[in-house]
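A.B. asks: I am attaching a structure below and will ask some questions about it afterwards.
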Amino acid sequence: MTEKVRVHEIAKELGITSKDVVKKASDMGIEIKSANSSVSMEEAEGLMNYIMSGELAQSPTAEQKVQTKAPSHTPKEEDPTQESNKSQTTLSKKASETPIQHVVEKAKEIDVKNSEKEVISEVKEIKKEEESIESSELKKMQIKKSGLKIVKKKQPREEEKIQDDFISSVKQTQASISSYGKISAEVLEELANKKKAKQASSGAKKQEQGVKIDIFGASLSEVSMDMDDQIVLLDLNSTQRQELIAEEPRKPKVVKPAGRNANKKSAPKGRNVSRDKRKKYAKDKPEDLIVTHVEIPEDIRVYEFAEKLNRPISDVIKVLFSLGLMMTKNDFLGSDEIEILSEEFGVEVTIVDPKDAFNYEEDLAEVIDENATERPPVITIMGHVDHGKTSLLDAIRKAKVTQDEAGGITQHIGAYTIEQNGKAITFLDTPGHAAFSQMRQRGTDVTDIIIIVVAADDGVKPQTEEVIKLAKESKVPVIVAVNKMDKPTANPDMVKAQMAERGLNPIDWGGDIEFIPISAKSGMGIDELLENILLTAEVLELKANENAMAKAAVVESSLEKGRGPVATVIVQNGTLNVGDYVVCGSSYGRVKALINEHKQQIKSIKPSHTAVVVGLNEVPSSGEIMMAMSSDKEAREYALKRHEYDRHKELSHSTKSTLEDMTSMIAEGRLKSLKVVLKTDVHGSLEAIRSSLNELRNDEVKINVISSGVGGITENDVELVSNSENCVLLGFNVRPTGSVKALAKQKNVDIKTYSIIYQLLDDMTGMLMGMMAPKFSEINTGQAEVRNTFKAPKGMVAGCVVVDGKLIRGGLVRVIRDGVVVHEGELTSLKRFKDDVDEIGNGYECGVMIKGYDDVIVGDVIETFKKVEQKVSL
């Protein structure tokens, strides 16, 4: 199958827009519809030559067509020897005034009048020259695409014409003898003798390393060119080209007789027969080529910028130093530095977004044409936790979803499709718990109408306010469902007033928002709500093109046993079929199965319908866009580009830091950290829990999620926790198996599993509070004034009178002199006359001895107090 090249790849290679390439192609007669269209390698080569040179390729003349046509091997064909002679004669005439004449004369040294086999040897040498030239051209075309645009000096057209004539003549000669057998031993021996004579006359040369390759001992098809190793560039200046052509062609190498090198390993087949030539010109790398335009990403280091400009790093750093910028090669360049460097080096710099390389959503965007059909509306039910969102959906679907939810709260996004009056409606049920704000955000991204459920007896709550904010930002129509109207304490006017304060004015108050009283428990108002949904959808005129390539949004993803990575998607445009190749962020695959909300396998899903997709290579992130591709190769390329971008971004951020970042990193190092390994059943829960855990922190403690993933708890997770200090293993809606439990017991690892998210967060909060340093408050118990001092064998005794409260033995004490604290310590001895007492009340005299302190003088005030530990909180 002929290899294809996309138009936007040609545009990127040449540094121009895809629109210009399409225009040039139309001038050449090549029909191209868009930047994603493909052309053959021959058309791409001709198009690139036309854009670079500005001249259309000339059509071959009748004489050239006759000369380049390969003769068919029939009994009436002319003798191959005569045909070869004609080719060589024509070649000599054409190149009589150029350095190529030397090559042809060398090829004529073998007598071809009487030996048909010698002709084959001669043409084989010519073929060898041709292969070297063609491999050089191919190597030039295979320069790695890295955003660097190289401008080469344009060569005279006369030399290019001579080179093309030379190659076509050699191809003609090769074709004329392609059906003949191998060269005889006599000719082989003669060539070997000539080589030895030449080596003897030219003196001792540097010994070649490795084993010589016998190219005559195998058929022509067994000798292949190693294009990956070939580095000779054909696009040289005039002087270099003449030197290259005038170089004497090397003669065929023969295998040396067995000797001291006989035990060396033989060279593998398929090695490059022109390796010597490659070594000779290996220094001709494109280091001195002029760079006039370069495309760079927004985040680029100094050494990366130098590589793009094909300049030494020292030159770039020297310019930066001259500007007073002390930067190293690993520092990132800002927009100002890039602008200055581009002016200094005379290079036009274009800042490109690396996301464009894998922006398949924009590349494959389908325009919804006038033939698009009506699609069902997508409704997202949102509101505060326990306000009855899932119960409302139960009443609509006549199912009991709430009974299956742990703790009676929704912890996943549910997607369902129902029919009302013959029209389909798709519902998304989002969680109302505070931890699931990202899930609610994804719900607004794919919805057409938002239903905000508010309990009539509870009013507006924090998550209700968040939903109102999301609805205003997304500019999606809103319908307010006032639930729990069957309760005696229901107050719909209170709900309307609170919502009006936040910008959602009811229609009966002169606003534009429908407020519908309902009761999910009794079913009151459900039909009226559905009628309003259909009426609003009719006004929106929702349409989609069912015949387009499928585009779907991932609302949930997980790793299921027996199915692997799965994703719940809602189709936004086109039709997704079983067998389609899809890409979704950094994951890709082929749709093996589609499962609807009733656990039934279906063959396809149309716009605004939902299903579970099976067949991806890894669990995609929730909120990603899934697109259908024409081939597995195309899907894989987009996914790998996205993976490389994510990896590069992560590595860049790990080293990109400012002074403020360094200060915060030092502060982070002083925090006490609780390491967590987290495993959940679905990606949405993983995202919500990980985000909530990262918010559980203060200036003293924090949580560090060192590993997280979707799926069951494995032995690797247990090993990771056992090898980490101060680490816990958490599982949400997953349970460890027998072998994992045994390993955890052996490693003394405690596995904590949960099914309700707020229980997990409460436990983690308690663990963090236990890691915090205790806080104490002081309670003053009394004061005494020193009236006299006495020396005792164990220390100084202060005779005191209690003037406030009471003194307590064993408590803490501080000595105050002239209003200044001079010592804090412990009261070790308290006596009333000669008796030891535990405490002395107000107005009584006593003897006091302070541990380790004898510098008490008359007039000091001794104050006793105790510290009470306070409960800490985040």
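Along the chain as shown, the residues are counted starting at 1.
Backbone N, Cα and C atoms are what each Cβ position is placed from, and that goes for glycine too.
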A.B. asks: Of 208-212, 408-412, 473-477, which span is tagged region 'G2' by Swiss-Prot?
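C.D. replies: It is 408-412 that Swiss-Prot describes as region 'G2'.
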A.B. asks: Which of these ranges is annotated region 'G1' in Swiss-Prot: 151-158, 383-390?
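C.D. replies: My reading of Swiss-Prot: the region 'G1' range is 383-390.
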A.B. asks: For the annotation region 'G3' in Swiss-Prot, which listed range does it cover: 193-196, 429-432, 697-700?
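C.D. replies: Region 'G3', as annotated by Swiss-Prot, spans 429-432.
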A.B. asks: So which range, 483-486, 683-686, 763-766, 835-838, gets flagged region 'G4' in Swiss-Prot?
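C.D. replies: Per Swiss-Prot, the stretch marked region 'G4' is 483-486.
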A.B. asks: Across all the protein chains here, work out how many other Cβ atoms are within 10 Å of the Cβ of Asp386 (GTP binding site).
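C.D. replies: Summing over all protein chains shown, Asp386 (GTP binding site) has 16 other Cβ atoms within 10 Å.
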A.B. asks: If you count the C-beta atoms lying within 10 Å of each candidate's C-beta, which of the binding-site residues Gly383, Lys389, Met485 ends up with the smallest number?
C.D. replies: Met485
A.B. asks: Which numbers of helix, strand and coil residues does DSSP report for the region 'G1' (383-390)?
C.D. replies: 2 helix, 1 strand, 5 coil
A.B. asks: Over the span of the region 'G4' (483-486), count residues by DSSP class, listing helix, strand and coil in order.
C.D. replies: 0 helix, 1 strand, 3 coil
